[in-house]
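As recorded in TrEMBL:
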BINDING   B:GLY16, B:LYS17, B:GLY18, B:GLY19, B:VAL20, B:GLY21, B:LYS22, B:SER23  ATP binding site
BINDING   B:CYS189, B:CYS192  [4Fe-4S] cluster binding site
Amino acid sequence: MMEVVPENAPEHCPGTQSEDAGKASACAGCPNQTICASGQIKEPDPDIAKIAECLSHVKHKILVFSGKGGVGKSTVTANLGFSLSSNPEQEVGILDIDICGPSMPRIMGVMNEQVHSSGYGWSPIYVEDNLSIMSPGFLLSSPKDAVIWRGAKKNGLIKQFLRDVDWGELDYLLIDTPPGTSDEHLSIVNFLSKAGIDGAVIVTTPQEVALLDVRKEINFCKKLNLPIIGIIENMSKLVCPKCQHTSIIFPPTAKGVAGMAREMQVPYLGDIPLDPLVGKCGDNGKSLPHTFPTSPSAIAYKNITEKVQKFCLNNVAPTSEDTIN
Amino acid sequence: MENLNLVKNVIVVLSGKGGVGKSTLSVQIAYGLKALGKTVGLLDVDLCGPSIPKLLNLEDCTVHQCDQGWVPVYSSQDKQLSVMSIGFLLKHKDDPVIWRGPKKTAMIKQFVTDVCWGELDYLIVDTPPGTSDEHLSVIENLRKQITGAILITTPQNVAVADVLRELTFCRKGSVPVLGIVENMSGYICQNCSECIHVFSKGGGEELAKQENIPFLGQVPLDPNLAMCCENGESILDALVHSNTKDAVLNVIENLLQVAHN
């Protein structure tokens, strides 16, 4: 299916879904001009309905966003996953769509696994009986392999992950994304438009240079009518393991994360300290909530997970057919 | 490529991983080179998350046009440090840039060809994390001018893994790798002076050894550096002597040594 702005499009392509598609002056000479002008590609992408069908047994879908890189999206996704699956009655899946930097296999301790196919599709990798994961990391044959793909190719893989993975019945599907507001983010929201997304959790660190990007991410969600479950403030403070002295490593200026959340009228889900145990677990593929359950970070994750669950249970995931305020 | 004719060296700052300090170190290296009397340009090609204007305290600046193209923003009256970022082109700084690859590629090409950099000793290019449209666009448009790339990482495995992929990207694109910088290497508790390895230990140096690449140095995790970033200041101008100051100077010295050998 043609992407909204195909890779071979000219610089001022109006977009394949535009009224001017194929007719604008910029379209002259474009290889897609005839097909755009014919109106064929404004028809809905049949894969979107297929994806909705494949994910019909997934009760809640949550996107994990951040404008900023390195704030801990993947770590937060993993620990939310571990927290949710600590209830043995709950089935949890994690989809990693950070194609260039797929961290999830390492963080979840399943780095050297390979994906197998069955008649039902690709089988996700099971971390625990009730916690499974799919990541582009499983498709790379060596840790040195780089995925040097432009946007359109990345979108193709994301679609495959949504359409062709045999998730089975899930209570929660958490989707870890790369930083930014680009192809992957537009595509995941588009591809799930019929399946429905409960909402997005946005991760940040306290400093203003991170908040700059988070505000953009909030506005991105608002533009796409994507509900925001809330903001998580990661790496809020460091407690010295030796003397218990608290230090603020990433100093907030102005109102801080909670103030920004209030100003932008989005929920503040809580803060997670900058804890060497978190990094240690991530590097060794261990579950923080299981390995260090009484640590301040694990308690913070438990509290945040409860709020996320409450949001999902109280709100119906909107789809493209709903009118959203 | 006339606008690049007088640019002597182009250094691309890369990392597979987000949040390791690419923009922070791009700015501190730019400030450091300026302090050595060099004329420096800083090009921010992180279109979705442009941090450079904030880190240089230039957020309210706008870009002007001249006959040859865009005039970069100068960080100070001496015009020794010039900057271009999409941040200067946004109407409101909270506006998201929701662009797919082809539009990002086109913008980066404009940034490379249409900015009147003038005579520069160094053009530093700050990139977003990853190995995608922006990175390919930078390599394609600056292929002839690139002196080399520096790779930023933090010590832990999850960062080093991404940087290893970035190294593959450089090798596939025939981009010389000038070296690796390990950022956020340990935090000294202000109370008991214990060194806390918040993001694990030593991964960047080990990677450099393993891949036979120069190790340009370690920079500690320092709230003072974070504060300098918030205020648009150079750590090298900070009044108090610190390990961070020495570390940044060390990185710059090593970088210049590798770049000019």
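Any Cβ shown, glycine's included, is placed from N, Cα and C.
Caution: TrEMBL annotation is automatic and unverified by curators.
Distribution of TrEMBL features across the structure.
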residue  : record                        : Cβ within 10 Å
B:GLY16  : ATP binding site              : 27
B:LYS17  : ATP binding site              : 27
B:GLY18  : ATP binding site              : 27
B:GLY19  : ATP binding site              : 24
B:VAL20  : ATP binding site              : 28
B:GLY21  : ATP binding site              : 25
B:LYS22  : ATP binding site              : 27
B:SER23  : ATP binding site              : 28
B:CYS189 : [4Fe-4S] cluster binding site : 18
B:CYS192 : [4Fe-4S] cluster binding site : 12
Indicate whether B:GLY19 (ATP binding site) is helix, strand or coil by DSSP. coil
Round to a whole number and give the Cα-to-Cα distance in Å for the pair B:GLY21 (ATP binding site) and B:CYS192 ([4Fe-4S] cluster binding site). 26
Distance from B:CYS189 ([4Fe-4S] cluster binding site) back to B:GLY16 (ATP binding site), taken between C-alpha atoms, in Å: 29
If one measures from the C-alpha of B:LYS17 (ATP binding site) to the C-alpha of B:CYS192 ([4Fe-4S] cluster binding site), what distance in angstrom results, rounded to a whole number? 31
In whole Å, note down how far the CA of B:CYS189 ([4Fe-4S] cluster binding site) lies from the CA of B:GLY19 (ATP binding site). 22
Length of the line joining the Cα atoms of B:VAL20 (ATP binding site) and B:CYS189 ([4Fe-4S] cluster binding site), in Å: 20
To the nearest whole angstrom, state the Cα distance for the pair B:SER23 (ATP binding site) and B:CYS189 ([4Fe-4S] cluster binding site). 25
